[in-house]
Amino acid sequence: MIKNGTCPYWERDDLSECARREYIEFKFPLFILLTGMIYAFCKVFRAFYLRGKNHTNEAPEFEEQGNGNHEYARFSVLRLKSAWESRSFCNVNNRSTFDKFKKFIEGAFIVLQLTIHLYILSSMLMDNKKFFHQGFLVQMFLWILLLVVITLRLISASQSFRWVLACKRDLWAVSFYSYASLFTLSILPLRSVFIGKIKDKIMVKYIISETFIDLALLLLLSTSSIEGTRYSFLVENENKKLPPAPTVFGLLTFSRIDRLIWKAYKHCLGNADIWDLDINNKSIAILANFEMSSKKGRLLPNIICYFKAVFISQLFLAFVSSFLNFVPSLLMPRILSYVNDPKSKSWNLVSLYVSSMLVSKIIATTCRGQGLFLGEKGTMQLRTVLISNIYSKTLRRTILKDSTTSLQKNASTSFEENPDSSEAEPRKKSSRKDNSVNNVMSIDAFKVSEAMNTFYLACEAVFMTVTALMILYSLLGWSAFAGTFALLAMIPLNFWCATFYGNYQADQLILTDKRTSGISEALNSIRVIKLLAWENLFYQKIINVRDGEIRLLKKKATIFFLNHLIWFFGPTLVSAITFSVFIKFQNQTLTPTIAFTALSLFAILRTPMDQIASTVSLLIQSFISLERIQDYLNESETRKYEILEQSNTKFGFEDASMEWEAAETSFKLKNISIDFKLNSLNAIIGPTGSGKSSLLLGLLGELNLLSGKIYVPTVESRDDLEIGKDGMTNSMAYCSQTPWLISGTIKDNVVFGEIFNKQKFDDVMKSCCLDKDIKAMTAGIRTDVGDGGFSLSGGQQQRIALARAIYSSSRYLILDDCLSAVDPETALYIYEECLCGPMMKGRTCIITSHNISLVTKRADWLVLLDRGEVKSQGKPSDLIKSNEFLRESINNDSKNTTHNQIDLKRSTTSKKTKNGDPEGGNSQDEVCAEVENFEETKMEGSVKFSAYKWLADYFGGLGVVFVFTSSSILIHGITLSQGFWLRYWLDTGSSGSKSTWLYRIVEGHSNIYFLLTYIIIGLVSSFLTSGKVWIAIISGTNVTKKIFAKLLSSILYAKLRFHNVTPTGRIMNRFSKDMDIIDQQLIPNFEGLSYSVVVCLWIILLIGYVTPQFLLFAIPLCALYYTVCTLYLRASRELKRIDNINISPIHQLFAEAIKGVTTIRALADERRFITQSLVAIDRSNAPFFYLNMATEWITYRVDIIGTLVLFSSSVMIIMKASYLDAGLAGILLSNAFSFTETAQWIIKVFSSVELLMSSVERIKEYTDIPSESNGYISPPANWPQTGDVELKNLSLRYSPHSSKALDNVSFKVKAGTKVGIVGRTGAGKSSIIAAIYRLSDWENGTITIDNKDIKHIPLERLRNSISCIPQDPTLFDGTVRSNLDPFDRYSDVQIYGVLSKVGLIEECDELCLIFEQEQPNFSSHKLRNRFIDLNTVVKSGGSNLSQGQRQLLCLARSMLGARNIMLIDEATASIDYISDAKIQKTIRETMKNTTILTIAHRLRSVIDYDKILVMEMGRVKEYDHPYTLISDRNTIFYRLCRQSGEFENLFELAKVSFDNKR
């Protein structure tokens, strides 16, 4: 009994009467009254005072911060008002009619309470009960306050009291707070009534009525939607569904998601079924709040500052949950004491103990669920912050080479920078780094965000550890500190393991970056890799990196084993030391009550210790990933917003010097002074490598400005510009040398965020010569271009990119050699109708080109560049007169309408949607054409058994799994024996135990014997458990190695169509996130699942053995388990699959932003792309958010069911107290304590396995994709010996729904013949090469080489037997040698020889070249080239070379391995005409006996060939000698030559060639 003065709080087994009167009926209600009244008054007064200023019907407004500069204006999320306004709308989530009716019921109950209190108060006054009426008076005033509050809540709908809406939520909170407090206070008096302690009939009725009315009011408010928030959700479209309005009950028990779970149970979910996010969880709101709370500096302090409220809440909830979790352990000694002596305590008191265990566990479960959900919501929000910041940084990051970060510290630096790089070149310059960016976004951001969950677990672990030690001290005295010291002694070992683990993790991430970089490079260049038959080369290269990664994973597994062993053995060691000190040094008797209470505490202590181990590991990984993100965010940013100066009258350079990097070898533009003519066509010309593209990038502010000034029309964001009367803005549009397209339709790529105007759109399509292409496409302008434009030809891509610039509202156009990929006829048409036509009225255009005769024809201003300097500039007519180079170029090349550059990007090499029969298309946009949609498919239903079997087969079959599970049963049996050993140890002195077989074994032994045996059992159990985990992880690592190899092989050898229709981001998702899941999460979860199932089965069997009556409870409890698990698993499975699918678009957005960052910045369109990223993040966050809610839904219910198991076990024990000994009861309760956690762990791990298995499904899906059909007849070693090629009736289409790319094509090429293939863009020229290389399956027909059907030749043998110079000049990360001769088949002399032949180095004696390489001091005046030696670094994609130089290197690669057949696909389009002529001469002289098929737009390149093949609409229209065709006025070839503008030269060259061959 505890006393306070003369009033005891507790009398034997119940609350004392004076305590009830003083505290329950007076002081506590007075506190509720005062706090509620003060809070309500303050809120109502504030709302009334601000009644004219508050607008509750508006979306949230965020005050802008920042320095007001242009960079801030472009990238600050606070400026994205369009995301709140025009691009979305607020949807009102109104309260239901029933909810409104509930308020009237609530008011009626309050009036009833007032009536009851008035009646009882009047009765007390009549009886003159002074003390009583004080409490009742306070409670009556409290109900009057609540009546006022409900009245204000009811009248808020009136127009006269609209101001009340501002405080409606606060008034609702006062009501809920009061009802909950009053109901809580009524519980103990109600118990007193039930156990008969209160005899007064009026008081009994009052207490019962008070309790149930309070309960009714509490349930009314708990199940009604929370008032005060009308505009709860922000949605992107009207079809987006809103979740149910939040209720207290729904929030606390996570019942808000019930409808979604039931829906998932009934049928499969789709994206349309996923509810929208709360406005506070929208990415724009998260980022706006984060930006306002952040300061410049490191990311970690800003994260802590932003999430401080979440951390404080988690801290409080962890404290409450941790303390309440120990209530059962505190009550356990009293229950065991009752079992030991049932007469020592009353039944009422013991039942109170058991009920308190139930209530405390329910409250602890609720607090824990809320704390974890706060962490999971924080995880989503932090992930949003990190991904958005990384994406924004990607748009701000400089394209220059000096932006290298620690992500690639060991990457070798490149040599002289690219002077003619284009849009894609800056991207590819750092492609290795860019692929690392993908890891930063997809892996590091996720790992860091998971730390939000870790924080709660860490707090809980600390609180639980401290609480457990305090209770142990109260139970065992100072001996508990001995165990504490042992615990502390293990911490340095843990940190030692953590340090090694962190180092291995950092090393692994570096290798992961390298691996994904290699995979990304392979995917981006897959067509060229297949042409070169280099699949195995890249396979081995990537596998070698993967092997290093696997070795580190195994090292991490070993460290994890040691760490796991330390912490798993910890409780045994601590308990053994504590017990030994307790017995030996304190001379105390260790009773079952003390021992098993301590053991329950040690068992509980195992959880926080395990959490500490895993938390340390996770935090180390998170900090490493955070540092990687910080390194990326610290990278150099573009300085364009600082160096560009705005001018309305000047557009150009003033004595400007620019460079790519601060290095002596870096290419520089020197003393550039150009004033481009406004409203005119300005042309920039110069030889290959002169710096034309660099000049344009300098004008865009992308290069380092060393001196001088750059003047542009504007540096403001596109959204901030005013539209003029002519419909244009003072902005710039950029069309890069390499066409950059986004995944979407043709219309999406052309309109590109502008307002759609059909007339303008049609005019642009026509002027860019796209109208006929659109008509030939089944879906018209709704045709999906594929990833980066894969479904289009290179010329189509280039024209679409040009159309985007023309369609834009920009008054200033910057076009980088945008006509190089189209035929002469198309080029001339575009130049005349587009660049010099009505679409350019009032616009300033700057264009670069090698086609001097074409661009000078109608240009108003001409700039001649050479070696980074302006040699001359002025009107074309003036320069032609004074400049011999121009006169010679024009005389030699006349008006050739072909240009200098072919498409670089890997996507442009694909020629998938070719022009078929125009009559078969439809030009009407309004027609709902069938669009071939390549959306990612989602598996439905449960994870198929085939997926589990597929994974098990890699482990060795289901037998191995059975053996593994059986070992878990044996190991946990050993663990349980520890408790039974302790029981027999404690019972050895009792008479009841002397008849047992165990007693006869242990009789006569000392406590040391028992203690050592206890330790040995624990050590064996810990070692076996940890060893099993280690074996599982090591085995899993070996399995993932095989799976990765299978996946990589499947992707590399897949048909090219798979790569054409599958976005790279989607494939990379398999290799990054999905593979990471299998590497590090799946197997540990499988192991944890098997162990937890075994533990639960043991516990149920044990409880059922000791108390068979428990089985009556077990049946309905198991039914409950099954029900909630079934509901959850179906929902979580569907949500996880949608989550996996919705992440891919974020990968795609990143990939597109990296590729097109220069174009995006040039268009000043950063805000729109940031907004798109936020929409994609929200779509990804929605299933992720509700998946986490569903996880807490099941966790809460499993915890409650587990609490019922503990409760029912306790009831069974006290009911059988006279039949049980305390030791057995202690074992029973100790295991019952751990049952809840174990059962929860089963559900969580099983659901995790189900969810993680979706990654296995996704990887399995990509391991089953069709591979290229391989031949089975190996030809002779010298095949092809002569080089005869024949195509017979060949038809080819790239997809079942597309037009034929080749339609019944037949022609024959004799050995040694050189054939030029010509035709307009999309005619099917490149499809001939695709057919010969078997890149696509033919519909019908045959191709024979030396009379052998190539369909039966093994693919690698076929492709290695043919030389090819592809349209895409693709180079790979490495050196000059590795790009030319990756298999080391040729000598340095041979390599230098071909470099000299293609003009990359000047003529020089081969011995001189080698000598100069070996003697750095030796200098040859003849050797002036960019290639210092064959080990010179080549960046991925050849980004540190100009476009022309890349083409020359590819030409050299093909000539080095020249075969009897060579296929050339526009290989010289991006070099100047003089170099082209030299190369053509080299080809003719060095390959006289080689069969050559050349696709060319430059007719001069093939005019002296043996044959010309004219293609049109996929058909062979003409095939004869050039002179024969050009002599016939009715031929297509004659028309092409006429349109080229150099007919006389072509005719003369053809005649000379014809005469020479006669």
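Numbering starts at 1 and runs along the chain as displayed.
Glycine residues also receive a Cβ, built from the backbone N, Cα and C atoms like all the rest.
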From the topological domains that Swiss-Prot annotates, would Leu15 and Asp1388 count as being on the same side of the membrane?
no
Are the transmembrane segment (1200-1220) and the transmembrane segment (352-374) close, by which I mean at least 3 Cβ pairs under 8 Å that are 6+ residues apart in sequence?
yes
Predicted model, mean pLDDT over the topological domain 'Cytoplasmic' (1244-1558):
80
The transmembrane segment (450-470) and the transmembrane segment (1083-1105) contact flag, 3+ Cβ pairs under 8 angstroms:
no
Distant-in-sequence neighbours of the transmembrane segment (352-374), which means Cβ under 8 A and at least six residues beyond its ends:
13, 191, 252-254, 310, 313-314, 317-318, 320-321, 324-325, 327-328, 331, 334-335, 453, 456, 460, 1188-1189, 1192, 1195-1196, 1199-1200, 1203-1204, 1206-1207, 1210-1211, 1214, 1236
Hey, of the binding-site residues listed (Thr688, Ser690, Lys692, Ala1323), which one tops the CB count within 10 A?
Lys692
Report, as numbers and ranges, every residue of the chain located at least six residues beyond the topological domain 'Extracellular' (191-201) whose Cβ falls under 8 Å of a Cβ in that stretch; write 'none' if there are none.
13-15, 20, 207-208, 348, 352
Determine how many residues of the topological domain 'Cytoplasmic' (1035-1082) DSSP places in helix, in strand and in coil.
43 helix, 1 strand, 4 coil
Around Gly686 (ATP binding site), how many other C-beta atoms are within 10 angstroms of its C-beta?
26
Most CB pairs under 8 Å with the transmembrane segment (131-151): which of 104-124, 303-323, 1110-1132?
104-124
State the residues, same chain only, that lie 6 or more residues beyond the ends of the topological domain 'Extracellular' (324-351) and have a CB under 8 A from a CB inside it; answer 'none' if no residue qualifies.
12-14, 195, 357, 360-361, 363-364, 367, 464, 467-468, 471, 475, 592-594, 596-597, 600-601, 604, 1206, 1210, 1213-1214, 1217-1218, 1220-1222, 1225-1226, 1229, 1233
Using a Cβ cut-off of under 8 Å, list the residues of the same chain at least 6 residues beyond the transmembrane segment (303-323) that approach it.
289-290, 293-295, 363-365, 367-368, 370-371, 374-375, 377-378, 381-382, 385, 452, 455-456, 459-460, 463-464, 467
Kindly say whether the transmembrane segment (202-222) and the transmembrane segment (1083-1105) touch, using the definition of 3 or more Cβ pairs under 8 Å where each pair is 6 or more positions apart.
no
Name the secondary structure element type, per DSSP in three states, that contains Ser690 (ATP binding site).
coil
Same chain, outside the transmembrane segment (1083-1105) by at least 6, Cβ under 8 Å from its Cβ: which residues?
964-965, 968-969, 971-973, 976, 1025, 1028-1029, 1032-1033, 1035-1037, 1039, 1111, 1114, 1205, 1209, 1212, 1227-1228, 1231-1232, 1234-1235, 1238-1239, 1241-1242, 1245-1246, 1248-1249, 1252
Distant-in-sequence Cβ neighbours of Gly1319 (ATP binding site), under 8 Å, six or more positions away:
Asp823, Lys1325, Val1510, Met1511, Glu1512, Lys1517, Ile1532
